[in-house]
Each structure stands twice: as structure tokens, then as C-alpha cells.
Amino acid sequence: MNQRILRLVRNYAVPAKKNAPKLTGGLQPLQGIQLKKQYIPRPNQRVTYEHQPPPSPSELKAEKVIRKRRNPWLRFIPSLVVIGGTVWLLFSYNYFFVEDEDLEFLNPSEFKKYTITFKQQIDEDHYLIELTRKNRSKILNSMKLKMTSMWNGHRLWSVEIKQPDISIVRKYTPLPLYVASNNSEEPFIKIINSEGEEGKMMLYIKTYPEGEMARWISQTPLYSDLELRGPFVDYEFPFHPLDKATDRPQLRNVLSKLPPDSELPEDMPSPDNYNFFGAGTGISPFLQCLYSPNPPKGKVNLFHSANTEEEIPKVFSSLNYFLQKTSRLNYYRFIRDKGEMITDVPASVVSNYRGYKDLKFVKEYEEKKLLKQKMEQLKSGNSTDDNSSTAAAESQVKLAQLQDSEKQRVEPSLAKSKSTSYFDNALQLLLFKRESNDNSPSPASLSLVCGPEGYISYISGTPDFNNPENIDAGEVSGLLGKKGWTKENVKRLQ
Ligand SMILES: Cc1cc2nc3c(=O)[nH]c(=O)nc-3n(C[C@H](O)[C@H](O)[C@H](O)COP(=O)(O)OP(=O)(O)OC[C@H]3O[C@@H](n4cnc5c(N)ncnc54)[C@H](O)[C@@H]3O)c2cc1C
């Protein structure tokens with residue numbers, strides 16, 4: 001029986017299916033057996049137990065390269081390098097070429113952006129506006145080694161502000177002031193005394209009901225940008241030999257921090273005194289000069305006219321008070337509302353500078369200064385001179401002679417200056433002022449006038465710029481004319 005079944009199974013032929021896979025190898029299916037699932041043999045896997053030699057370094061390297069290539073991120077490296085390089089190139093171009101042109105505070109032929117960082121309404125139509133140069137910190141960093149202050153009391157300068165909507169420009173006089181803190185009711189407005197404070201300025205402006213620019217500036221919101229160009233020098237003070245010898249220290253907000261004036265060289269002509277006549281915002285050029293570094297070395301008689309007391313910012317009053325206390329300023333205020341008017345002016349005197357002969361004193365003074373410097377270098381062993389021993393001997397002899405002659409001449413004042421500290425200086429000046437109590441104007445050799453047309457005419461006559469040279473050819477009349485002032489010693493600023 002078993003034999004018969006076995007034969008039947010062997011002889012059974014499976015009917016071929018349409019989609020049946022083609023058999024490629026392995027065992028032939030047993031004939032006569034109906035299989036539920038077609039058997040498909042797997043490809044043979046050879047397992048070997050042979051000992052493989054370790055891969056050679058070149059094989060290892062090749063394997064590493066293949067593995068690296070398989071990392072999907074590595075495919076982006078070339079693109080990332082190209083993108084990074086392009087960004088760097090753009091940044092460098094921008095930094096070295098495009099932005100470079102903008103790394104200055106002011107330029108007379110190009111408008112620069114300034115942001116309104118503070119605005120204070122003083123009265124109905126007067127404002128204090130602080131402007132800060134855009135990118136100020138970047139400019140300060142780029143200028144670190146070659147920083148020169150834009151403030152200099154030896155000249156009066158202004159900037160032009162553009163109103164872009166109606167394409168007009170107007171001139172304004174910047175003051176070397178900025179808001180150091182604004183936490184209390186009254187902001188603390190400070191004089192720009194150091195490099196780190198550069199790049200800011202304060203404008204004192206008056207708005208007119210029909211006026212375009214001042215009204216627009218006063219209504220422009222805080223942190224908006226204005227476009228400025230300059231500086232434009234409106235007036236430069238006449239040369240005086242002392243300008244070569246010494247600078248007067250700049251005013252400070254704290255009197256005790258004001259360095260004492262340097263001793264003026266003996267043989268030099270004394271500095272000249274000036275009269276400044278300013279009305280309304282016309283006071284700004286004079287305050288610019290008095291608050292800047294290198295202010296006038298002589299005394300200034302400032303005649304300040306205003307419609308009301310309220311229109312004068314408090315900071316002006318306190319700084320002018322300090323100037324008075326340090327004997328730099330005689331300050332006379334005329335408030336129209338109180339019926340105060342200038343009715344008289346002092347007569348003129350001739351300049352203390354006697355012409356080219358005085359220059360010899362400057363030369364001598366400079367020689368002495370150089371010699372002293374040389375001696376100090378030698379003392380500290382910093383001389384770069386090859387013949388230093390000979391030079392030292394010569395310098396010592398010369399200096400001894402100079403010191404002897406100088407001692408005889410300036411002994412008393414020298415002794416005084418040695419013991420003078422900043423505080424002593426301020427105190428001495430204060431006491432001197434209190435004792436003397438003399439408020440009469442100092443004799444001046446030059447008068448400057450600035451303000452509305454009517455005011456200028458009243459003080460000094462009408463200016464006349466109707467000539468090809470565009471210089472003021474108008475005769476001096478008014479109060480100054482009556483006291484003998486002429487075109488040679490009067491300057492009208494308009
Ligand atoms: C070198 C220089 C520096 C200056 N510095 C300052 C400054 O620091 N602060 C400042 O506020 N101004 C200053 N000015 C004046 C300033 O340039 C503008 O003339 C003034 O702001 C008016 O311009 P506005 O566009 O507002 O008025 P505008 O449109 O020019 O004038 C409109 C009307 O306002 C009246 N008006 C204009 N100016 C005066 C005036 N001075 N007196 C009386 N009425 C006037 C006129 O009646 C005019 O019809 C300076 C001018 C010069 C030349």
C-alpha cells in the first residue's frame with residue numbers, strides 16, 4: 001500500500017500556473033505534492049572560516065573616504081564654503097569701502113545722518129534739541145588714534161540741516177553740550193570735554209509761526225533722523241601770538257575740575273578782550289565759542305538780549321555763572337519783558353597784538369619749550385640723539401642760563417603757580433571776584449553782533465552784502481557806530 005502511494009505521488013505532475021515564478025535552482029519540487037506556497041530558494045551565503053589578513057593603510061584610507069562620502073551633511077560643505085565666502089566678501093567690501101566714507105562726524109559737501117536723541121521745550125517757541133551721529137560708537141572706534149575734536153573756540157561754525165520734503169536747508173549753530181542723564185525733572189546737560197563724548201551736539205532753536213524749518217525740526221519725533229552737513233566756518237578770530245604759545249583750558253560743569261589757566265609767557269602781548277552782542281538764538285555762536293576747547297584767552301563782555309527770562313535754558317545760566325566766577329566773562333542780560341534795553345556800549349580799544357614784532361616772542365617761547373622738552377627726555381634717558389652726551393651738556397648750559405633769567409623775572413608768579421591746584425584756582429577766582437565786585441565791561445578791541453535783523457541794525461547798523469565778494473560792506477552805525485567802532489573791528493553775523 002505504501003509503495004503504491006509513493007508511486008502515485010512520484011508520478012503526479014503539477015499543472016503549470018500562469019504566474020508561477022521560474023525556478024532557477026535548488027531542489028526540484030516533489031512531484032505530486034500540492035504546495036501551498038511556492039518555494040523560492042535564497043541565494044547561497046558562503047560562510048568561510050578562513051583567517052582574513054588585516055586591511056592595509058591604503059585600504060583603510062580608501063574605506064574612510066568612502067565612509068565620509070556616505071555622510072549626507074558632507075555633501076553641503078562646498079556650498080557652505082561658497083556661501084560663507086560670499087558673505088565675508090560682501091561684509092569686507094561694505095566695511096572697507098562703502099561704510100568707510102561714512103566714518104566721519106561731519107562733511108561740508110555731504111549730508112550725514114544724526115538722530116534726535118533729546119528734545120526739551122524751553123518755552124512756547126524755544127527748544128533744546130540734542131543730535132547724536134548715527135553709528136557714533138563705530139565712528140569713535142575707527143577714529144581712536146586720529147581723533148580731533150570738532151569743537152574749537154577759535155572759530156564760530158554752523159551746520160546746514162536739510163528738510164527733505166520741501167528741499168530746503170537752513171543753518172544752525174551746534175553747542176558742545178549733551179544730556180549726560182535724564183532721570184530727574186531737570187536733565188543734566190554736560191559740556192563735551194572728552195573724546196568719548198564727541199559725536200553729539202545741542203541746538204537751541206526758535207520756531208516762527210510761518211517758519212518752515214525750525215517748526216519742522218521741533219515737530220519731528222524723538223529718535224527720528226535729520227540730515228546735516230558742515231562745518232561751515234562763519235567767523236575765525238584774528239591771529240594773536242599767544243595762540244601759538246598756549247591754549248586756555250575748556251570750561252567744565254564742575255568748577256573744581258577746571259584746570260588753572262597756564263602761566264602766560266612774560267614777553268608776550270596780553271590777550272585781547274571781546275564784546276559779544278547776541279539776541280534770542282543769536283546767543284548760540286558766542287556760547288559755542290565760550291563752552292568749546294580753546295576759548296578766547298582774554299575777557300569776554302557778553303550782552304545777551306531776550307524777550308523773556310523763560311526762553312533762556314537753565315544750563316546757559318549756570319554755565320555763564322561759572323564763566324563769570326572764573327573771570328572769563330562779564331555777563332549782561334537784557335530782558336525785553338522787564339523793559340531792559342541796551343542803550344550804551346563800551347568804546348573800542350586797540351588790539352594788544354602789536355604786529356609782526358611780537359612774533360619774535362613766540363619764537364623765543366617755542367625755543368624754550370623745545371629745550372625744556374629735550375631736557376626732560378634726557379633726564380628720563382629717552383633721547384634718540386646719537387650725540388646725546390654733547391647735546392645734554394649744551395642743553396644743560398642753555399637751560400641753566402634760561403632758568404636764571406626766568407627766575408629773576410617771574411619768581412613771585414612762579415611760586416604762586418606751583419602751589420595752585422584746580423580747587424585752589426577756582427577758590428581764588430571766586431574770592432577775587434567777590435572782593436572786587438567790579439562788573440564794568442573790560443576794554444575790548446573787537447565786537448561781534450548776532451541776532452534778528454532789527455537787533456543787528458540797532459547795535460551796529462545795517463549790513464550790506466550787495467557785492468561780488470559777498471563781504472559785509474555796510475558802514476558801522478547804531479550804538480557801536482556812536483562809540484567810534486568801525487568795519488575793521490565789528491563783525492555782524494547773519
Ligand atoms: C550762521 C547761522 C546760524 C544760525 N543758527 C541758528 C540757531 O542756532 N538757532 C536758530 O533757531 N536759528 C539759527 N539760525 C537761523 C536759522 O537758519 C533759520 O533762519 C531760522 O530757524 C528760521 O528758519 P525757518 O525755516 O524756521 O523760517 P523761515 O521759513 O526762513 O522764515 C519764516 C518767517 O519767520 C520769520 N523769521 C525767520 N527768521 C527770523 C529771525 N531770525 N528773526 C525774526 N523773524 C524771523 C520771518 O518773518 C519769516 O517770514 C542761524 C542762521 C545762520 C545764518
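The backbone N, Cα and C atoms fix where each Cβ goes, glycine too.
Ranges compared are 16-55, 376-415, and TrEMBL records region 'Disordered' for 376-415. Counting residues 6+ beyond its ends, the transmembrane segment (73-96) has no Cβ neighbours under 8 Å in the same chain. DSSP classifies Lys206 (FAD binding site) as strand under the three-state reduction.
Within the same chain, residues at least 6 positions away in sequence whose Cβ sits under 8 Å from that of Lys206 (FAD binding site) are Asp125, His126, Tyr127, Ala214, Gly280, Thr281, Glu311. Listed in sequence order, Ile161, Gln163, Ile168, Arg170 are the same-chain residues at least 6 apart in sequence whose CB falls under 8 Å from the CB of Met213 (FAD binding site).
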